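Written out below as structure tokens is the structure these notes cover.
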Amino acid sequence: METHCLKRPTRRQFLSSVAFTVLAASSGPVLARSISGSLPWEARSADPPIQVRPGGWLFFTPEEVSTMEAVADRLIPADELSIGGKDAGCVVYLDRQLVGSYGASSRLYTRGPFMPGLPTQGYQAPDTPAQRYRTGLAALNAWTRDNKGGKRFFELSPDDQDATLRDLEAGKITLADNVDAKSFFNLMLSNVMEGFFADPIYGGNKDMASWKMLGFPGARYDYRDHVTKHNQPYPLPPVSIAGSTEWMTR
Amino acid sequence: MKKIVFSVILAVAALSSGSAFSQAPDQADEIIRGRYQAILADCGACHTAPGAKPLSGGRPLETPFGQLIPPNITPDKATGIGNWTEQDFRRAMKIGIGHDGKRLYPAMPYPAYTKMSDQDIGNLWSYLRTVEPVFNPVESNQLPFPFNIRLSMLGWNTINFEEGTFKPDPSKSSEWNRGAYIVQGPGHCGTCHSPKTFLGADKTDEALQGASLQGWYAPNITGNPHIGIGSWNEDEIVQYLKTGANAHTIASGPMAEAIQASTSLMTDEDLKAIATYLKSTEGGSAEKPQPLAASDPHMTAGAAIYHDTCSACHGGEGKGARQLFPALAGSPLVQQPSAETLVRLVLNGSQAVATPEARTTPSMPSLGWRLSDQQVADVLTYIRNSWGNAAPAVQPSDIAGQR
């Protein structure tokens, strides 16, 4: 009869596994620490956000800027409710995002295998957002040049721009360089909305225009004084992480 | 083998020296009482540097005349007070003259310690003999010429110093007298809280009415109802000194240190006595000044900053939250003549002190990055003149110096 039992490790195997365990445990930064007495605290410690200011382009070329500004102004046109996407700084927001960690996908897992996924699984291809904008905007302008009388997207009339965006959204257009029209449209739409509604410190939402439009109070986190005041408008104006013009002595 | 025997002998020798229990048994009570005197007098506040061995010398004191480093007062013979006699120690405490006739600077609060009883000083001496001796050379006198001439303290003493043990006031209760003794004597509260003359001596006629030192404003702690602690009841004062927080406020800065090392370790009877005495003292005008008009442009800007930046914790009406966020409405600290401490809290943030009865240490974030000098000034002007508060406006130039 055959018996199955675990093989006893040899002396050599045992010693080397101990050595490996000790090595693994002692290398690398120690992440856990114990604290006694009071919590650690330091005067003046702060991690202030960096205010994005318009002026100069860090990612986009001049042609890309004109194209993106035209797109932003068609997705969020200036009307009686608010200023448009361009004036709100949506492209400034996007420019700074694309040179940062978002543009490089540096905080995402971006190794293969690359398989076509379901829409609910989000973007599944290897290109970073920076690469997608570079090829996508060039492909968009190439398409309008070929199909709209030699004009680039931003040179079209607003109606033509709207028609082109609608076709992009519906996937009716085939763009060069394997750019997926539908997913590129969705990328631009979500980024322009982010720029419009995010805190002004990121470069968009100029003067908190979208928050004023919605009546959103901004970076506040305590409403105890107002929570029982039913059916009354909230009295305070919106405030950015970086402050408000109300803070200036007038 | 020889080596092992030798090191065992060494270890036994090290264990037996410097231990309180090696003293004669009748001395034990004296030493324990002396240890309590060291708590009352908060010797460690100056003589122990952060992270260092107890009483082995402190971090530098910035005085208006220059820097002094509190010396090593462990019984080390070479660098501490191991060569001192009890008589030397008594002279230092009573008249500010140390070993070999060296004159002490009054940063060592002998003008307060002179009021201590002979018995209390004797007990303190017994305790100090039992502290672990530490070799740590300290050059105390870092003052520039002419202040570095110790003999000049002879003249200073003639003008500013009055020797003498505390004399109880027979017309007051024994509790009041105990409180007065601690406050004026070992507790040396006036060292921080009393305004100073140009020579750095306490202005005795304005005792405990508030003073600026080392970048903080030690507030008025008399019974004044507006800017003193007159609006707190005795239990609230006791709670503050015991835990570092009460329904009104949370301690910060040097007072937080004093609470941690000294008052939180005092007996409840002594804290009650201190409260009784402090509430009986008078200081400053009881009349409130007129607050600034809410329509003042600095007040409207300050209100906007307050509601956007401060109200989440301190509340829309400045009421705070018990034990967690200090109330600003009615706070004596907020309404001191000087806003120095407030500026510091806004720029640096602050953390409550951990005491055995209040271990959570809520902290205020630093707001220096978010507010300009003008904005810090305006928001402080607003809290000093809202919800019944009234105090002078704060200027941007008051902030720049503390950046």
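Using N, Cα and C of the backbone, Cβ positions are placed for all residues, glycine too.
The annotation signal peptide is assigned in TrEMBL to B:1-22.
Taken from TrEMBL, the feature domain 'Cytochrome c' covers B:13-132 (among others).
TrEMBL lists B:Cys43, B:Cys46, B:His47 with the feature heme c 1 binding site. With a 10 A radius on its CB, B:His47 (heme c 1 binding site) counts 22 other CB atoms from all the protein chains.
In terms of DSSP secondary structure, the domain 'Cytochrome c' (B:174-282) contains 53 helix, 10 strand, 46 coil. Positions annotated as domain 'Cytochrome c' by TrEMBL: B:174-282 (among others).
Per TrEMBL, the feature heme c 2 binding site maps to B:Cys189, B:Cys192, B:His193. Under a cutoff of 8 A between CB atoms, and with a sequence separation of 6+ in the same chain, the neighbours of B:His193 (heme c 2 binding site) are B:Leu208, B:Gln209, B:Gly210, B:Ala211, B:Ala218, B:Pro219, B:Asn220, B:Ile221.
According to DSSP, the domain 'Cytochrome c' (B:297-387) comprises 42 helix, 8 strand, 41 coil. Under the heading domain 'Cytochrome c', TrEMBL lists B:297-387 (among others).
Residues near B:His314 (heme c 3 binding site) in space but far in sequence (CB under 8 A, at least 6 apart, same chain), listed by position: B:Gly320, B:Phe325, B:Pro326, B:Ala327, B:Leu328. The heme c 3 binding site annotation in TrEMBL covers B:Cys310, B:Cys313, B:His314.
Each residue in the domain 'Cytochrome c' (B:13-132) gets a DSSP state, and the totals come to 56 helix, 10 strand, 54 coil. Within 10 Å of its Cβ, the residue among the binding-site residues B:Cys43, B:Cys46, B:Cys192, B:Cys310, B:Cys313 with the fewest other Cβ atoms is B:Cys313.
One way to see the shell of the heme c 3 site is to take the Cβ centroid of B:Cys310, B:Cys313, B:His314; the remaining same-chain residues with a Cβ within 8 Å of it are B:Tyr306, B:Thr309, B:Ser311, B:Ala312, B:Gly315, B:Gly318, B:Gly320, B:Phe325, B:Leu328. Around the Cβ of B:Cys189 (heme c 2 binding site), the same chain contributes B:Val183, B:Leu208, B:Ile221, each under 8 angstroms and 6 or more positions distant in sequence. Distance noted between the C-alpha atoms of B:Cys43 (heme c 1 binding site) and B:Cys192 (heme c 2 binding site) is 14 Å. Cα of B:Cys310 (heme c 3 binding site) to Cα of B:Cys192 (heme c 2 binding site): a distance of 29 Å.
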